[in-house]
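**Student:** Take a look at the following structure, please.
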């Protein structure tokens, strides 16, 4: 029975990570059709929220959702969820300037950023194993982004936003696994996505709705650079062309599947399985976007995956004490 639960957990986390790994490719395809970052993120979160509200309403009326919030957990989830919206925004801005295969590598820098944050919060020096894992990740990153060979042009703006996305994603990882774990997965996911949706709404207002309709009253260039502002009407066709795919692979399936899977796998094994997002994203970009991925980059990706396994292996397979 325990093995079945573990297998289910691995399946849930693996699927959730794989779906999220596909997301950036869809975003890039939407960009190629002329859609803005505001339009892409708005369609993802609006439709995602509507789908989650529908699921929660169905469960409520069927009498399957009787769990109530404890204390101020509702507000905590909304605040914590804001980092989900910010991660999407930063990540999508990054793929405007760099290849998806590079952006996902930058997002995976959460491996060493989380170690740094954990050390600061716990006021303790990281273990030798974690330090080695950080070094391995950084070496893998140099190879995966081909900074040494310089055969691929890297826009510093893409690097910056990719690393900011990694910092935001680290916040999501730290808060999501520590808040309101007693709630049903669908309910918890809804409130976190609502928090993320608020941040996306602010970005849409500042980067597109405001500049087009209210530029006579507010100087929106004081908030964002010219390249981030889309001074045109909001193109609602994004909801029909890419909205369903973006919402399902970005705001519905990954959080539901991973919130269900992580309690079954534990954080150690879950982190290893979740790293499947990296090769899935690079493969999608290679196949669908025809992005050039050099052999040295594939080797760098393998090294990063090795670092993740190396860091979590002892948690998954602890040594048994000999009697």
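For all residues, glycine too, the Cβ spot is worked out from N, Cα and C.
Annotations in TrEMBL come from automatic prediction, not curation.
These numbers come from a predicted model, not from an experiment.
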**Student:** Match it up for me: which of 66-89, 234-257 does TrEMBL list as transmembrane segment?
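**Tutor:** Matching range for transmembrane segment: 234-257.
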**Student:** Below 8 angstroms Cβ to Cβ, which residues of this chain, lying six or more residues outside the transmembrane segment (234-257), approach it?
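**Tutor:** Sequence-remote neighbours of the transmembrane segment (234-257) are 12-13, 15-17, 19-20, 22-23, 26-27, 29-30, 33-36, 38-40, 42-49, 51-52, 84, 88, 176, 185-186, 189, 192-193, 196, 204, 208-209, 212.
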**Student:** For the domain 'EamA' (8-144), give the DSSP counts of helix residues, strand residues and coil residues.
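**Tutor:** Tallied per class, the domain 'EamA' (8-144) gives 113 helix, 0 strand, 24 coil.
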**Student:** Residues of the same chain, at least six outside the transmembrane segment (269-289), with any C-beta under 8 angstroms of its C-beta?
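**Tutor:** Distant Cβ neighbours of the transmembrane segment (269-289) are 6, 9-10, 13-14, 16-18, 20-25, 28-29, 99-101, 104-105, 108, 258, 261-262, 297-298, 301, 304-305, 308-309, 311-313, 315-316.
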**Student:** Quick one: mean pLDDT on the domain 'EamA' (8-144)?
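**Tutor:** Computed over the domain 'EamA' (8-144), the mean pLDDT is 88 on the 0 to 100 scale.
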**Student:** Which residues of the chain, 6 or more past the ends of the transmembrane segment (43-63), have a CB below 8 A from one of its CBs?
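**Tutor:** Here the qualifying positions are 85, 88, 184, 186-187, 189-190, 193-194, 196-197, 200, 238-239, 242-244, 246-248, 250-252.
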